[in-house]
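TrEMBL lists 517-610 with the feature domain 'DYW'. Marked as repeat 'PPR' by TrEMBL: 99-133, 169-199, 200-234, 301-335, 438-472.
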Amino acid sequence: MKTLAALPKQTSAPAKLISPSTAARTPTRIAPAVSTESQFVPLIHASKVVLHLRQIHAQILLQGFSWSSLLATQLVSASSLRNAIDYSISVFSQYHPKNVFLFNALIRGLVKNARFEVALSHFVLMLRSDARPDRMTYPFVLKSTAQLFLRRLAGELHCMIFKTGVELDSFVENSLINGFLAAGLLDKAKAAFDQMPEKNVVTWTTMVNGFSQNGDNEKALSVFSRMLEENVRPNDFTVVSALSACAKIGAVEAGLRIHKYIKDNRFRLNAAIGTALVDMYAKCGNIESASQVFSETKERDILTWSVMIWGWALHGRFQQAVQCSKQMLRSGIKPDEVVFLALLTACTHAGQVDLGLNIFDSMRLDYQIDPSMKHYSLIVDLLGRAGRLNEALKFIEEMPINPDLVIWGTLFCACRAHKNVEIAEFAVTKLLELEPKHPGSYVFLSNAYAAVGRWEDAERVRSSMQDKGVGKGPGWSHVEVDGQVHRFVAGDNAHHKDANEIHQKLEEIMSGARKQGYMPGTEWVLHNIEEEEKEDALGSHSEKLALAFALIQTSPKTAPIRIVKNLRICGDCHSLMKYASIMSQREIIVRDIKRFHHFKDGTCSCGDYW
C-alpha cells in the first residue's frame, strides 16, 4: 500500500522550451511584441493550439519575462487544458523557485489528463519544497488517491488537512468526502460529512451518489431522506442518484415518494430525470408505469430509448421491445450497441432465435457496430436456451475474439438445462483453463453432475473446490415492506426476532403447495443426501425467506410482493412461487440476475422459458 513516504521523488524532466533563435525561425503567427507582463495573459488564454502557446512562450523569453510566476502558471494551466501535459511539465521544470500557484496549476492539469501517479509525485515534491499546499491543492490530490484506490494515503491526507485547518473549507471537504467514497471508505466519508458545519447541495449529492455507487443503496436513500427533512432542495443529479439507488434494490415505495416530490416541486421532466424514472419503475417491476413516464418524457436521448427497450426486454415483453426500437428509428435516432444488447435480450427471453440472429447480423452489417463479448454471450444464450447446443458451440469456436468466462458459463447453463453432460464438461474445462480458482467453474461442473445423478463426481468437484480454498458467495434477496428494504441471505437468521415466524410461514406455504401438487425440486440441491435433507436445504433459499417475511408483514390481497435477487432463481423456487401466488391471491414479482418473473394465479410471465 502506497503512502506519502513511499511515493517516488519527482525529478524534473529536462526542459524542452523554444529558444529565442528557434522562435525567430518560426514562420507562423508570432505573438506581437508586448511591453508588460499582464499583457501576455489574455494572449495565453486566447491561444487555440499548443503551437501558439510555444510562440507566446518564446516572446516571453525574448522580452525578459522568464522570471514571471504569473506567466509560468498561466502557461502550465493553458497547455494542460490543451492536452499538452508534457509541455506543462517542461514549463514547470524550467521555472525557479516554484510556488504554490505553479504547483497547483500542474497538479490540476495532471489530474485532468489522468496522470494521477505523476500528480501525487509532484505533490510529494511540493511537500519537500517551500510551497505549502492550500485549499486548491487537496481536491486534486484527493481525486488522485481515489482513482488509484490508495486508501491509506487518503487517510494520511485527511490527517494532514485536519492539522493545517483547511478542512473548514467546503470545497476541500466536498473533495475529501468524494475521495473517501471513491476509495470505498464509507465510514470515513460519513464521519467527514457529519463533521461539516454547513452542507450544501453538492455535499448531499456527493453522499447520495457515493453510497449508491459503493452498493449501499439503503444508506443512499437514507441520506436523501435526511436531506429533504433538513429542507435542502436537491438538484437534478441528486434526484437521479436517488432514483438509481431505488432501481438497484427494487425500492418502489421510495421511488414513488421521489416521483411525487419531483411533481410537487415542479422539476422539469428532462431526459436525465425521465430516464431515471423509467429505469426505476422498470427495475422495480412496474413496467406499465415505466412506459407511462416514457410517454410523458418529451426530451428523449439514446439512453432514454435504450432504458425503455431494456425494460420491456427484462419483463419478457418481446413485441413491445421491438416496437419501441422501431419508434426510435422513426424519431431519427440510430441504435447503438446498448440498444442491440436490449433487443438480443428480448429475443433470448422470448425464444426468438431466428430474429435474434438477424438482429445480430444487422448490427454488424447495416450499422457497422462491432459486437462486444456481451453480444456474443447473448447469441450463445439464445441458441443454448433453444437447445441448439452444437450450433452454440460452433458459434463460440468461430468467434473472432477469444471467449471469456461468461461465454463458457452461458454454454454450460444451457447444457445443464438440457442435460448435455458431454458439452458441459467441455465448457467447464475451458472455464478452469481461464480461471482455475473461479468458484463458478466448480459450481457449474458440480451442478452438471448432480443434474444427472452422478453424485460421486459432483462430490469430487466440491472437494477439489474446498482443497483449493475456492469459496462461493451466498445468494441474497431484497424485499421492501412499508418503505424499508430487508435483506435475506440464503440460510441466514439475520431477522432473529422474526426467524421462527418466517420459517413457520415458509413451512405453511410449502405444505399448502404440496396439497396442490407441488413437489420440491431436489435436483437443485448439489449434495448426495437424503431427500428430506435436500428439502430443508431448498427451504433456506433467500427468495423463499423474503417471500415468507413479506406475507407475514403485509396485509392480504394488497400490493404485489417485489423481490430482488442477486442470482438466477432456481427451478424449485420458481415452482413454489407459482403455487404461492394462488394461495395468497397476490402477484409476486421476482427480479433475478437475468430477468423479471411475474407470478400470478399460478403462472409465470416467462412461460417457464428461462
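Using N, Cα and C of the backbone, Cβ positions are placed for all residues, glycine too.
Distant neighbours of the repeat 'PPR' (99-133): 4, 7-10, 69, 72-73, 76-77, 79-81, 83, 85, 88-89, 92, 140-141, 143-145, 147-148, 150, 153, 160, 164, 166; these residues of the same chain sit at least 6 beyond its ends, with a Cβ under 8 Å from one of its Cβ atoms. Counting residues per DSSP class in helix, strand and coil order gives 26 helix, 0 strand, 9 coil for the repeat 'PPR' (200-234).
When DSSP labels each residue, the repeat 'PPR' (169-199) comes out as 23 helix, 0 strand, 8 coil, counted as helix, strand and coil in that order. Mean pLDDT for the repeat 'PPR' (169-199) in the predicted structure: 83. Shown for the repeat 'PPR' (99-133): DSSP residue counts in helix, strand and coil, namely 26 helix, 0 strand, 9 coil.
DSSP labels the residues of the repeat 'PPR' (301-335) in these numbers: 26 helix, 0 strand, 9 coil.
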